[in-house]
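J.: Can you keep this structure in mind? I'll have questions shortly.
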Amino acid sequence: MTSSRRHHLKSLVLSIAFGLMEAETKQIAADKEAYMSEHCPALDMPGSQQDLQELCKKLHQQLDKVDEERYDLEAKVAKTNKEIEDLKIKVFDLIGKFKKPALKKVRMSADAMLQALLGSKHKVSMDLRANLKQVKKEVKEESVEQVGNWRKNIEDKAGMDGRKKMFESEA
């Protein structure tokens, strides 16, 4: 097909579509006018205050009725949307095939992962010893006399002769 032929067909299709769109807009305008004339009669403004109050009460009643209908329709739409979602879930369960997305391999440090998971709360690095309690070790100072006389201490602690002999045989 030549480009001139293709251009000619394209322009014909566009002209037809433009004609259909114009007809559709005219039909929508006519439908709107018919609906408004049917549901909204012409407003006649009464002269007295009593008549105005009655008109206001009448309009309020109509507004309440329309609001009730709107609320009912919204509830009905929400219910059907919920049913549609439930049916979609049932269909996926019956099929049994779930598409798992391909995951990308990401290199992240532990700090970057915590930053991504916790957001702005995480500002501390992974120093695990930072929060530990500090414990000071007690240093026992033994006198020179106790250190020098270690054999006597062993004999005193041995208590039983059998244990004392055991120490002597090992030494």
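Cβ atoms here come from the backbone N, Cα and C positions, even for glycine.
Sharing the features that TrEMBL gives for it:
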{"type": "COILED", "residues": "49-90", "note": "coiled coil"}
{"type": "SIGNAL", "residues": "1-23", "note": "signal peptide"}
J.: In terms of Cβ proximity under 8 Å, which residues at least six beyond the ends of the coiled coil (49-90) contact it?
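T.: Cβ under 8 Å, 6 or more out: none.
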J.: Do you know the mean pLDDT across the coiled coil (49-90)?
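T.: Summarising the coiled coil (49-90) by its mean pLDDT gives 93.
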